[in-house]
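Features of the protein shown, as given by Swiss-Prot:
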- 9, 41, 73, 87: substrate binding site (BINDING)
- 9, 10, 17, 88, 89, 90, 98, 122, 123, 124, 125, 126, 127, 128: ATP binding site (BINDING)
- 17: site 'Transition state stabilizer' (SITE)
C-alpha cells in the first residue's frame, strides 16, 4: 500500500492545501494529513477544530486520514510506516526551506519528499494571508472551502 503524509498547521485549511491533498490522494493509496501541534503559537482554531474542518473538506477523497502530531515529522512517519512526505511549493522561496527539510528528513530516517508545484491559482495563498485579509473585512470566500469560510467568519466575529 502506497502511503504519504501532507503535514502542516492548516490554520485554517485553504483551497491551496486542499488542492495539494487532492492531488496526493490520486498518487497514493492513503494520504495522512498531519496537523502540527505547536505549543509556542496560539492558533485561530484549536487543533481539534482544524482536524474536524479538514475531515469535512477531504471526506469525498475517500483515502485521507487526519490526525495531529507533535515533534519530528519523521517520527510520525516511522510510527505509521509512511515512506513519503508530500509538500506543495508556491515559489522559489519555499523551495530553499523545503529542500533543507527534505534533506534533513531523508538523512534522519530515509523518508522521501515529493514536491508538488502549487496550482498557479493558489501560488500566493497562505493561511496567514487569509486570516489577515479576513480580519480586516476582506472577502476570502473564494480562497477557502465553504465550511471553512463559515467557521472563519464565525470565529472572527467572536473576537
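A Cβ is built for glycine as well, from the same backbone N, Cα and C atoms used for every other residue.
Shown here: features listed in Swiss-Prot, placed on the structure.
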{"residue": "9", "record": "substrate binding site", "contacts (Cβ under 8 Å, 6+ apart)": "35, 36, 38, 41, 43, 50, 127"}
{"residue": "17", "record": "ATP binding site", "contacts (Cβ under 8 Å, 6+ apart)": "6, 8, 10, 88, 127"}
{"residue": "73", "record": "substrate binding site", "contacts (Cβ under 8 Å, 6+ apart)": "5, 7, 34, 85, 105"}
{"residue": "87", "record": "substrate binding site", "contacts (Cβ under 8 Å, 6+ apart)": "6, 7, 20, 98, 102, 113, 114, 115, 116"}
{"residue": "89", "record": "ATP binding site", "contacts (Cβ under 8 Å, 6+ apart)": "95, 98, 115, 116, 117, 118"}
{"residue": "123", "record": "ATP binding site", "contacts (Cβ under 8 Å, 6+ apart)": "90, 91"}
{"residue": "125", "record": "ATP binding site", "contacts (Cβ under 8 Å, 6+ apart)": "14, 15, 16, 90, 118, 143"}
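Just so you know, the Cβ of residue 98 (ATP binding site) picks up 16 other Cβ atoms within 10 Å once every protein chain is counted. Compared over the binding-site residues 41, 127, the count of CB atoms lying within 10 A of a residue's CB peaks at 127. The DSSP secondary structure for residue 87 (substrate binding site) is strand. The maximal spread of the substrate binding site, taken as the longest Cα to Cα distance among 9, 41, 73, 87, is 21 Å. A coil conformation is recorded for residue 41 (substrate binding site) in the three-state DSSP classification, outside any helix or strand.
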